[in-house]
Amino acid sequence: MSGVQLSSLSTLNYRNLAPGTLHFPAGVTGVFGENGAGKTNLLEAAYLALTGLTDVTRLEQLIQSGEREAYVRADVQQGGSLSIQEVGLGRGRRHLKVDGVRAKTGDLPRGSAVWIRPEDSELVFGPPAGRRAYLDALLSRLSARYGQQLARYERTVAQRNAALKAGEDWAMHVWDDALVKLGTDIMLFRRRALTRLDELAREANAQLGSRKPLTLTLSESTTPETYAHDLAARRAEELSRGATVTGPHRDDLILTLGELPASEYASRGEGRTVALALRCAELELLAEKFGEKPVLLIDDFTAELDPGRRGFLLDLAASVPQAIVTGTERAPGAALTLRAHAGRFTEESRPATVGVGA
């Protein structure tokens with residue numbers, strides 16, 4: 001299967017990265033250096049430029065101290081054509097362009113990158129909100145309609161919560177009708193998508209050497225069949241709390257390892273393996289949907305992993321058309337190796353046809 005390729009990445013005033021352009025070959029690019037050298041920021045910038053997505057709470061966090069704006073640009077080969085994707089950051093907003101034309105996040109290729117990082121363990125051990133966010137982000141990339149319905153649902157929940165806080169019991173039937181329609185769509189889409197996601201995650205978990213089978217299920221606070229009834233039944237509680245307590249915004253993605261919930265009983269190593277399995281499933285699901293392998297971004301390939309699982313990650317990187325792998329050690333077998341230091345990247349080795357500037 002062919003894949004998306006990040007031909008080059010340019011940054012200006014982005015975190016601690018020095019301004020400049022990096023050119024990437026097909027295959028594996030290894031980036032090594034001490035912690036704080038800019039390796040993670042490089043992957044974050046690449047992911048932002050490829051997808052338009054970031055999980056920071058304030059965009060100002062991405063802009064270098066003392067600067068008002070930042071900029072990232074990716075030259076992307078996909079589907080046999082080259083596109084230029086630009087993201088400008090400033091005044092609390094993102095400004096996207098594709099080939100010089102203003103765009104929205106949904107206009108960028110939705111299956112262009114997958115980012116594996118040590119923090120993924122929080123998908124296993126963290127609160128339900130993190131697992132919901134993972135699932136919703138993935139499904140929004142698989143289906144633009146899902147993302148649109150989710151945004152409408154979240155706006156409706158916020159408006160209903162405002163009415164609950166104001167004690168507007170008389171208005172609840174209006175909000176309830178909208179909530180049931182949107183929430184039912186979300187629940188049904190999640191159920192359909194989870195069937196394949198569960199299969200792929202189970203396969204990846206086994207390939208990673210886990211002896212305990214992994215199962216993904218949804219813990220739902222209501223069902224499409226009972227949603228309207230459940231909202232009415234908890235009306236008094238919701239008016240008292242000033243919040244909507246029933247619906248897909250309260251659901252959880254349950255990760256079961258063997259017969260026990262991984263969030264409570266998995267070891268740190270097992271949790272890291274489960275998180276890797278989720279990202280591998282994400283990679284395959286996006287490839288199945290869009291017909292091309294995403295660019296694979298792997299942050300700190302040695303973190304919390306034994307040699308066998310490190311080997312799996314490196315084999316995974318070698319199996320896709322393009323990957324960028326960071327670590328405190330050199331990634332073996334890389335087509336291009338870059339040393340990171342203070343936000344700058346210098347070539348250790350590269351194919352003769354590839355130029356990299358920093």
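Cβ from N, Cα, C; glycine included.
These come from Swiss-Prot:
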BINDING   GLY33, GLU34, ASN35, GLY36, ALA37, GLY38, LYS39, THR40  ATP binding site
Candidate with the highest Cβ count within 10 Å, taken from the binding-site residues GLY33, GLY36, GLY38: GLY38
Largest tally of Cβ atoms lying within 10 Å of a Cβ, found at which of the binding-site residues ASN35, THR40: THR40
Cβ-centroid neighbours of ATP site GLY33, GLU34, ASN35, GLY36, ALA37, GLY38, LYS39, THR40, 8 Å, sequence order: THR326, ALA340
Of GLU34, ALA37, LYS39 (the binding-site residues), the residue whose Cβ has the fewest other Cβ atoms within 10 Å: GLU34
